[in-house]
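Peer 1: Pulled these features from Swiss-Prot for this protein:
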type     : residues : note
DOMAIN   : 1-107    : domain 'Glutaredoxin'
DISULFID : C21-C24  : disulfide bond
MOTIF    : 105-108  : motif 'Responsive for interaction with TGA factors'
Amino acid sequence: MERVAKLASERAVVVFTASNCGMCHAVTSLLVGELGVNAAVHELDKDPRGRDMERELARRLNGGGGGGRALPAVFVGGNLVGGANRVMSLHLAGELVPMLKNAGALWL
């Protein structure tokens, strides 16, 4: 979907979430609160086209097959990184901060 691609490239870090999603809140808190990233956060449950975008994200996250959890979906430098498990794994492995720096999302 063209809208997902357009929104995903609007900033160095873009997070697609839902307002009632605990894992979405955890990922957003990590990126924005703990790491200080100026991410664009899109709450799809508040967007009239959110359901269509969530389906597209599920397709991308699950290898084209759809199904499974679509949110949160995190893009860094316009590229899909993945969901909560992937972001947390990268952070614990020490790989998230360098990725964010390379995308221009962190300066320190």
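Just so you know, glycine gets a Cβ as well, placed from its N, Cα and C.
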Peer 1: For C21, C24, listed as disulfide-bonded residues, tell me which one has the smallest number of other Cβ atoms within 10 Å.
Peer 2: C21
Peer 1: Take the domain 'Glutaredoxin' (1-107) and count its residues per DSSP category (helix H/G/I, strand E/B, coil), listing them in that order.
Peer 2: 51 helix, 17 strand, 39 coil
